[in-house]
Amino acid sequence: MFFGAFWLLLLLLLPPLRPPGAQGHRGAKSPEQEADEPIPWPSIQRLREQLRTAGTLSKRYWALFSCTLWPDHCEDQETPVPPLGWSLPLWGRRSLDMLTSWFCRFQDCCSAGNCRISNNFTGLESDLRVRLHGQHLASKLVLEAVKGYLEMPQVGKALALSFHGWSGTGKNFVARMLVDNLYRDGMRSDCVKMFISTFHFPHPKYVDLYKEDLQRQMQETQRRCQQSTFVFDEAEKLHPGLLELLEPYLEPRSPETHGAELPRAIFLLLSNLGGSVINEVVLGLLKAGWSREEITLQHLEMPLQAEIIKSADSSFGSSRLLKKHLIDLFIPFLPLEYRHVRLCVRDAFLGQDLPYTEEALDEIAKMMTYVPEEEQLFSSQGCKSISQRINLVLP
């Protein structure tokens, strides 16, 4: 096949062939002289014409393909592809559409970024089941809420999920896992924005500047993307003015106010607020003979919301987001036990492609502090800082 393609290319590149005995080139001929000369090697000439036609057709397909993927660049072409005098056949258009669809699975094909949205719910379900430990409740609630929202034919508001639990229980981990399965570029996607309260909005005196910048980013992202995700870490430390800014983005809206279809948006609010009451409820249920997997949202929802509302250390509980019930779901992250920490240690070894022993897993898991003092049941740091502790046991 390679040699066949080579000879076809050679035929296209060779100068016009002459029959034996013909004179070499001695200068330009007039059109009358060229017309009087017999056409040499008729069969080869016909083959060359067919190949040139095929080449022109290939160029036309490529032009249509590139214009489909990058319409902005298509308009800038200085030399348009010469027409063949007939329209592109239906089978050619279908082939072009199939090729475009396949290409867009791997490459960014549009300036809007929407062709990089994957919504891989199968991958999300697998990641939550395999990589997240001790959070059967959060796994179920996150998957059901996000999948249900994105599969709705039309939406009337943004989806607002509030993650609550102690540090190291997996709130950030789940947020990143979610983004990685909804967007091919993960956290690098133009449709994803992450804000850390103490990093992006550290000084209360600059709150007006923060509000202006935050509003600009959210508006630009929603204008660019039909599906956007906004992550707010340490949400309990957000300034009241910034919480108020989120209100119109989370309120229900009718399609008439925004055109035919509302852009979909997911807001994730990550907070340590309510972690203590979650731990108290879980500890009480375990002492009463319940298994961890039997704990449901009904056990935790009311105590968690009550704790958030009465918290004096944060303006989150007194914000209009809660008063107007704009948060769709409060998702509790349970405290992690020794067995869960041990699984996190194993994953950390595997993630760094390091060999491990059962003794090494136990050694690192025992380095963590466990509470309450009497029961020593829950890791006070969850699975945080485990990767750094691996270095302490390496030879």
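From the backbone N, Cα and C atoms, a Cβ is placed for every residue, glycine too.
Around the Cβ of THR169 (ATP binding site), the same chain contributes GLY134, GLN135, GLY275, PHE333, LEU334, PRO335, LEU336, GLY382, CYS383, each under 8 angstroms and 6 or more positions distant in sequence. In the three-state DSSP reading, THR169 (ATP binding site) counts as coil. Positions annotated as ATP binding site by Swiss-Prot: GLY165, TRP166, SER167, GLY168, THR169, GLY170, LYS171, ASN172.
The number of other Cβ atoms within 10 Å of the Cβ belonging to ASN120 (N-linked glycosylation site), over all protein chains shown, comes to 15. Residues or ranges marked as N-linked glycosylation site by Swiss-Prot: ASN120.
Feature annotation from Swiss-Prot assigns signal peptide to 1-24.
A separation of roughly 19 Å, to the nearest angstrom, links the Cα atoms of ASN172 (ATP binding site) and ASN120 (N-linked glycosylation site). Listed binding-site residues: GLY165, GLY168. The one with the lowest count of other Cβ atoms within 10 Å of its Cβ is GLY168. Taking a C-beta cut-off of under 8 angstroms and a sequence separation of 6 or more, LYS171 (ATP binding site) has the following same-chain neighbours: PHE163, HIS164, GLY165, LEU270, SER271, PHE333. Counting other Cβ atoms within 10 Å of each Cβ, the binding-site residues SER167, ASN172 show the lowest value at SER167. The residues near the ATP site, meaning same-chain residues not in GLY165, TRP166, SER167, GLY168, THR169, GLY170, LYS171, ASN172 whose C-beta sits within 8 angstroms of the mean position of the site's C-beta atoms, are PHE173, ASN272, GLY275, PHE333, GLY382, LYS384, in sequence order.
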